[in-house]
Amino acid sequence: MDFQLTDEQRALKDGTRELLAGRFGRDRLRAAVEDPAPDRALWRELGAAGFFALRLPEADGGVGLGLPEAVLVLEEAGRALLPGPLVACQLLAGVVDGVAAGERIVGLCDGAREPALWEHPGGCDELIFVEGEGGRRGGSTGGPAGGAGEGAQGRTGGAYRSAPDQVSCAPFASVDPLTPLARVLDLPHAEPVAVDMPRLRREAALLTAAQQLGSAVRTVEMAAGYAREREQFGAPIGSFQAVKQLCAQMLVRAEMARSAVYAAAVTERALDITGAKLLADEAAVRNARDCLQVHGGMGFTWEADVHLHLKRAWWHAERWETAGEAEELLAAGLIA
Amino acid sequence: MDLGCTPEEEDFRARLRRWLGEVLPHLPAPPAATDWPGRRAYDTAWQRMLYDAGYAGLHWPRDAGGQGATPAQHLIFLEETERAGAPYVGANFVGLLHAGPTLAAEGTAGQRARWLPPILRGEEIWCQGFSEPDAGSDLAALRTRAVRDGDAYVISGSKIWTSHAEVADWCELLVRTDPDAPRHRGISWLAMPMDAPGVTVRPLRTLAGSAEFAEVFLDEVRVPVANRVGAENDGWRVTMVTLSFERGTAFVGEVVACRRVLGALARAARANGRWDDAVLRRRLGRLSAEFTALWWLTQWNVSEAMRGPGRGGQRGGGVPGTGGSVFKLRYSHARQELYDTAAEVLGAGALDVEHAWVADRLSSLSYTIAAGTSQIQQNIVAERILGLPKGR
């Protein structure tokens, strides 16, 4: 047992952080708030660095690493608030041509959610739509997604690929300025994709949790950094216990999430991933809120980056497994 | 990142499991929680069995009489003994988890030879004389004075919250040896015999109804200078060694126990219909994630300790880092939430003080206070890990 990063894992994580710091620093982040479309040049650079092909076998031109490594790079992406369908491209790198190299960008839409939301609809070359297990949503035979009673037809869920112009969408005003969204109304089910659906969902949840972890760790650093420097009443606010305790609670949440996310990446057990998503969602959302509180009035402004973390965390918390679903699954696991 | 066990570790686990299977069915029933003489006899008999089977002081270094096991093996030991329902470390707690490791790390050869073997064999019980009425979590405010008189210190003052004091043979005592020095300096760590003239023990009754800790009054107690561990006035540093052990590994077995209780709670809720309450169900689900994560966090901290420098700088020394404070902060609250949830499952049954879950609910109230309150732990985390400035 050695539940710590290996030297290679640490190098991968540090390398990803450096790459993102160099190519997606604060100026680039703020520019992306105005234009959140994925940066194609950066995407190709990430592809060349093996970001998307991380888990493909070396024989297929991949890096041949595993889920823990994918978690580490997505943690860094979450930390940097890198916009774009990162989880989709990570999971579909071996399925859709050009994704592994960063040449093409693919989106992933969870049809089990109502509404079925597609992230970066304007930035994707293709969409993979994953139906809910209960049946077919957004289907051309079923009317608009989310119609009453739909989804209870007992059909096994499938995955379908569509070109963007084949997808019928309604506008959706995303709370996260870095993540444009569209509501999927209808799409052809002409081209099924052979993917292991339960596995895809599990891994999507875990990789989303990894981004939440990165964000939670980053907001602790932002809060502590601000608390060390900002002076009030003639002293750094970080010397006041009330502020200290907020920051300490943030760190505890982040470390709990880290343990859960990393362990789930190793065990790959469904319930471990469910627990990891629950704790990482909570860490990202609550840490962003506490970070905002530590920043005081500054934290409430558009100029501070805190709200970007909070809004992204809200979006990620709604994806793949919500808190309520996770808690029910974990409870059921106690008596299984 | 590796959560698997090596073949050696699996072999260790299998042997331990076999031994537990052989001895546990023949153990007598444990005494009542409030019967301290009975508990001393029971706990020390169990320690003797561990000693004879080669499991005493598992994580202690070999040159201190321990087994020199890796922290990973220690974790397996705690996991397996808890899973098998073996007795808890009990009255041996301070000796095995605080005083022993401190003596092993900081004691002279003679001190180690005198005190360590009786701890390992379950012959001598230790208690902890750190806290005082005006120095609880603010340990550096302690005032008990020790004045040098020839080859002895003459000690006057009082200690409080001293667990097991009634049945202890020795006390790891913090005293102020230089009243003029800054408060963190001028403190020394002494081994005090509890039967020395001038020592008076007055049991304190806890809110759980038991008398598991006491006030200790010291009236011109003479303790040989030779009983001082570490240099004179260097007791604060020695104490930090003790506390890092306490916060690092002392609660490991309990996490396993809490996961077991959680499963029992879910089954009880199913049996009595409370399971139909979605709020309760969701609370149980959340606690499941929390205790699982706490178990991984323990593995993380232990792995970190195994990599870090240990006693004398060698790798794998297993001195826990500040991760222990992070663990204790969340664990102490999660434990209270667990037993509050148990009360919800029990309904009016939660008013029955003899129910094991109710007794545990009461004792869990001490977890956010003992070994440094949550507020103090948060200050430690904020200052030492996040680098926030000291203040008030």
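Cβ from N, Cα, C; glycine included.
Since we're looking at a predicted model, the values are computed, not measured.
Per TrEMBL, the features are:
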type	residues	note
DOMAIN	A:6-83	domain 'Acyl-CoA dehydrogenase/oxidase N-terminal'
REGION	A:135-162	region 'Disordered'
COMPBIAS	A:137-157	compositional bias 'Gly residues'
DOMAIN	A:206-313	domain 'Acyl-CoA dehydrogenase/oxidase C-terminal'
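Under DSSP, the residues of the domain 'Acyl-CoA dehydrogenase/oxidase N-terminal' (A:6-83) split into helix, strand and coil as follows: 52 helix, 0 strand, 26 coil. The DSSP breakdown of the domain 'Acyl-CoA dehydrogenase/oxidase C-terminal' (A:206-313), given as helix, strand and coil counts, is 92 helix, 4 strand, 12 coil. Per-residue pLDDT, averaged across the domain 'Acyl-CoA dehydrogenase/oxidase N-terminal' (A:6-83), gives 94.
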